[in-house]
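Asker: This is the structure I want to talk about, given as structure tokens.
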């Protein structure tokens with residue numbers, strides 16, 4: 001009971017930080033960068049930080065912890081697999097739209113693409129994310145995928161998922177700093193109000209990432225495996241319920 005209460009307190013903090021991240025990046029783009037448009041002007045660029053923070057960090061982080069919410073454990077795991085995959089797909093689409101905004105802006109102002117470390121990390125993150133989503137779809141949602149493939153894919157899927165979140169945090173923080181250095185109306189070294197506000201956004205993003213990693217790192221908050229959820233159950237010759245691996249091992253022993 002105490003663990004469940006602590007989880008929901010942590011999860012509430014995660015949701016609050018999610019909302020603050022989105023509100024701060026929208027406020028920054030509206031208050032100091034002039035607002036939004038999709039006409040190839042400088043205002044179109046402002047969609048880039050909003051979409052990348054919303055998709056690559058906030059949506060992605062919340063999709064990563066959806067299995068940890070205790071009330072979902074009483075429901076079919078396949079349903080929450082679809083929720084997880086749907087949130088991840090939405091996160092990917094929002095991120096791709098954010099890339100389209102900046103590439104289109106660069107084309108209109110004849111600016112080279114992918115010239116900074118921020119852009120290199122960002123494009124690699126989205127590419128890895130797309131590969132991860134396709135592989136997850138093939139491994140965990142297609143009914144024809146083998147148990148062996150799922151079992152070996154799971155630790156890789158978890159590791160790559162955490163790596164993507166780290167890269168997402170890195171690219172967003174470096175992007176905030178790059179934008180302040182290139183476009184701030186006052187010298188960044190004087191730390192104007194815009195810089196203080198954008199730096200606060202960076203701290204919120206870091207805090208959100210730390211909370212997500214905290215939720216993912218506590219083993220007792222993992223969804224328990226039950227029959228039919230990652231463990232295929234069958235009946236042996238005496239009518240007892242066993243896993244598929246146990247059934248085949250017993251048959252080989254008998255032979």
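From the backbone N, Cα and C atoms, a Cβ is placed for every residue, glycine too.
Annotations in TrEMBL come from automatic prediction, not curation.
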Asker: Among the residue ranges 82-105, 226-249, I'd like the one that TrEMBL describes as transmembrane segment.
Answerer: 82-105
Asker: Over the domain 'Cytochrome b561' (13-217), work out the mean pLDDT and round it to an integer.
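Answerer: Here the mean pLDDT over the domain 'Cytochrome b561' (13-217) amounts to 94.
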Asker: Out of 7-31, 82-105, 197-216, which stretch has the largest tally of CB pairs under 8 angstroms to the transmembrane segment (51-70)?
Answerer: 82-105
Asker: Any residues 6+ beyond the ends of the transmembrane segment (197-216) with a Cβ under 8 Å from its own?
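Answerer: Result: 7, 10-11, 13-14, 17-18, 20-21, 24-25, 27-28, 31-32, 53, 57-58, 61, 64-65, 68, 162, 165-166, 169, 172-173, 176-177, 179-180.
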